């Protein structure tokens, strides 16, 4: 488990021999030193005072601009104060008298941390005047006037309040990230004003905030609304291309050693100032923390470091699945003489602002969800960042003083491999969940919905087909009663379908823990240290064996139940190398799902079924009801082929309990695929063909165009055009035939025949005369 945060320096607490690092361990040098500093009266940005921001000079103009316009775009550099200060200004100007001020964030970490910050500045308890709502966690009340939330939570709110009557202002923050949900919110808000609904509040205002984006395009989308620019206060940032990655290394992400070396060089050779390092995910971050700590431990601060005021390096990881307390540590100032180094995902590029950063190390890559048309699935891939994202990252080094950005890639990599802007998520991921939401909002024409960037029609049709396969829509593309129930669940439609099937069999207790575990991040800790890695793998194998050793879904259920019943869940997780924070989240998810199922089963028309058979078979049958699209059959050796019509080859992931048991299997279902050197199926269980025999035809029985009312209308129009053209041709042919007939009739009467004979004889007589004249001339 991670030992970080930790300080490597002159006098850190060394790990005892044989001691294993403990997750969430509080007795660490960094935490103790920071706490001591707070007790001595040193304050930080988190301490309840409002720092100065460039936005403060624009306060009056900005408030007036919001009053004067239904839509307003606010732009400014990251750190200008848009996220924390504008909602406060609007609250103090009285906007909350007509409803809440809602502020969306793409990530739950940002929604929570910003709400905490604003509550401290306004000197109120979090959940009172200032609150937040993220998936599975609603910290708000009737008193709440400023509500930070994920964009997904606002989309769910619109299902019950389509006209947003509870809000006076909607602020869509971080619009430049172009998440799928934010793009759908763009369209819904535009449609709300276009339709001129009589129930819409007159006072509703929409503010779109972005650090970097195609602003003219966004303004045109919202009816050429004004753009309010907040002048920035960024200091100059010098950029250096380290040339460690070139265009040929586009697929190569094995750059951890290089990044650690660059980071260590900064610590040794640059003057005071904190460091921010960008990597793609938790595994890379924890590995980098370990390597950097090992290097920093060997530094002699009397001779090796150029800045003699430095005594150590405080190493702090930052990624989405960390607890709130762990995330808060990155905002605290380091102890005197200690340089802070935050190693983070892309979340620190825009969503979080960390004071004191003067050096940025840009790894050049990000994890991105992309739709793989060959597999028909969304794949989480590591891809090069865009140029706009790279500029966002470098800007973090120039907030409080001049800084430096070290890009590990080359200038050629920048020019050849990095797109100018982020590719909108709506153009590269599955649209199944949002299409269902639009259908439930009575928006049936999902193809002609007002998208800022229209997605590929193929993605829309594929989403419709998947919803039909889950019985969420009927053959006409209209949402079913089941679809209306499914949209309430914070799960993907196929997993919701499996849960509802289990509820109809009165065995939801078997599936709810699994659904909850699949809703959180990977629960298994896989340490970098080889010794701990072996111990963790052994513990994970033991857990799989308790589930029968042949079903990864069942293993998740065993982990859930054993941890919950242990009496000391955090200690149980520590012993078994399981992320306690993920299990804690799963417990909350399971409770919410159980309440939704309870309400669903109270409906008089809820279907009831019976099944006589062992529990493990019932569980797998219910999984088949939702995952039959992810069915694969063994073909050759250890390779399986999907049965969705593509026949894509997949392999069982090495982390699965079924790995190296492939020859014993015939049919499997899987939760997701990962693409590395091969296409791997992850979280797998064996099934029987007869369980999916009646379900598989649904993958092929209907053309996706049949589910789209637009496609049907266009096909009808096309058919009408073809019929009209056919009739015109027929009429033309008929007209030609009548004309020909008249000519034939005219030619065949007696007068026509005698006239034709006379003309023939006349021409013959003329030829004879001409021939006679020629002979006379030659003679």
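Cβ from N, Cα, C; glycine included.
Quick caveat, the model's predicted, so the values are computed rather than measured.
According to Swiss-Prot, the feature motif 'DEAH box' maps to residues 173-176, out of the candidate ranges 173-176, 177-180, 181-184, 185-188. In terms of DSSP helix, strand and coil, the motif 'DEAH box' (173-176) has 2 helix, 0 strand, 2 coil. Looking at 77, 78, 80, 83, the binding-site residues in this record, the fewest other C-beta atoms within 10 angstroms of the C-beta turn up around 77. Residue 81 (ATP binding site) counts 22 other C-beta atoms within 10 Å of its own C-beta, drawing on all protein chains shown. Within 10 Å of the C-beta atom of residue 82 (ATP binding site) sit 27 other C-beta atoms, taking all shown protein chains into account.
Neighbour density for residue 76 (ATP binding site): within 10 A of its CB lie 22 other CB atoms from the protein chains shown.
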